Amino acid sequence: MEQLIYLDNAATTKVNPKVLDAMLPYFSDKFGNPSSVYGFASGNKQAITEARENVAEILGADPSEIYFTGGGSEADNWALKATADAYEKKGKHIITTKIEHHAILHTCEYLESKGFEVTYLDVDENGVVDMGQLRSSIRPDTILISVMFANNEIGTMQPIAEIGRLAKEKGILFHTDAVQAFGHVPIKVDEMGIDMLSASGHKLNGPKGVGFLYIRKGVKIRSFIHGGAQERKRRAGTENVPGIVGLGTAARICADTMEERARKESELRDYLIERVMKEIPYTRLNGHRTKRLPNNANFSFQFVEGESMLIMLDMAGICGSSGSACTSGSLDPSHVLLAIGLPHEIAHGSLRLTLGDDTTREQIDYVVEKLKEIVEKLRSMSPLYEDFINGGKEVAETKTEKK
Ligand SMILES: *Cc1c(COP(=O)(O)O)cnc(C)c1O
């Protein structure tokens, strides 16, 4: 098979051709600055307004509550830093989880260095936060709860509406990093009690470098970038018009096709999971079996090293990603896999495959066949596996499929 099989849609996605078409004129003919008064540029202002309306409608929000940013990381940084800034008189305690994206975790570390206190909630073996622990972590000086909507590595979705209700009951702001979820699963900010929400264009077949932060009306939040009056003076800088148009178009397409796509992707995902679990021994499925993103599968193969697996998959034309971080110069496996309780050696043998709307059953069949060969080959070179086969014990319990 010569074709590239891209199963890393949690890392980034391909821009939908319709999205690209919508963006292109704003690089050339329609290059005007949206802040200019002449008629030539007024269409650009209008295009931004439409994108804002599109995004707002999908969330059940008001367009004035949407602030475009330079991506998901910026939205996360803004939500945390500006809340800390605006509410520090009320208190300096923030609650988040151990499995957040680094855009949240590293921002929390920064806030800790500025005198804030952060509670990092545990998750269970499926990656779900413990509501009891969340409840008991709330203090009079807690100003913010930030819990991601869906995890980027293991796909687990959190009980967002329940967290929203608790936050409201306690009068605490609730932010969710919905970068993996927005456009993929239904989200309604009112029903779910969400006060702030981050999203990013390139995780929903839109462009990179553009995202938004939803900020509920009435939330005191500081400007993130000071300068001109763009984004109601809260995020200055000449707007990324093509990017914003792309994000708005991508969001619209995702919303219109969500049900159909989620059904198709989750069917293929389940097929992939079923075959891998059945045909490759000593394999564990990471993440919740059902409460997970429609396109996410994450496995740990015992006696296999993740990086070698990725390289061999790459040679077979398959793009996936691993929970081991050797390439980034660190020997520590993913903080998410450790948080769900995997021992290091199991976490190192992890593989994340995230499907796209163009993934086919034939591709999945090819991937499973290749994966079987690769895992077998890598195991045959592993001294641990040899010991195990010769009567040793398993490194850890991995056969149990967690419900
Ligand atoms: C990708 C991602 C981000 C970062 O978004 P960028 O637009 O790449 O900055 C943040 N959170 C989660 C959960 C993500 O998956």
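Glycine is no exception: its Cβ is also placed from the backbone N, Cα and C atoms.
Bear in mind that the values here come from a model prediction, so they are computed numbers and not experimental data.
These features come from TrEMBL:
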DOMAIN    5-367  domain 'Aminotransferase class V'
BINDING   G72, S73, N152, Q180, S200, G201, H202, T238  pyridoxal 5'-phosphate binding site
MOD_RES   K203  N6-(pyridoxal phosphate)lysine
ACT_SITE  C326  active site, cysteine persulfide intermediate
BINDING   C326  [2Fe-2S] cluster binding site
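For S73 (pyridoxal 5'-phosphate binding site), the same-chain residues that are 6 or more apart in sequence and have a Cβ closer than 8 Å to its Cβ are H101, A103, S200.
Residues G72, S73, N152, Q180, S200, G201, H202, T238 are listed as the pyridoxal 5'-phosphate binders, and the farthest two of them sit 30 Å apart at their Cα atoms. Remark: T238 (pyridoxal 5'-phosphate binding site) has N33, P34, S35, G228, Q230 as non-local neighbours, by Cβ distance under 8 Å and separation of at least 6 in sequence. Just so you know, of the recorded positions H202, K203, the Cβ with the fewest other Cβ atoms around it within 10 Å is the one at H202.
The sparsest Cβ neighbourhood within 10 Å, among the listed binding-site residues (N152, Q180, S200), is found at N152. It is G201 that, of the binding-site residues G72, G201, has its Cβ surrounded by the most other Cβ atoms within 10 Å. Across the structure, the residue listed as 'N6-(pyridoxal phosphate)lysine' and Q180 (pyridoxal 5'-phosphate binding site) place their CA atoms 6 angstrom apart. With a cut-off of 6 Å between Cβ and the nearest atom of ligand 1, the binding-site residues S200, G201, T238 reduce to S200. On the 0 to 100 pLDDT scale, the domain 'Aminotransferase class V' (5-367) averages 96 in the predicted structure. Following the DSSP three-state reduction, the secondary structure of T238 (pyridoxal 5'-phosphate binding site) is coil.
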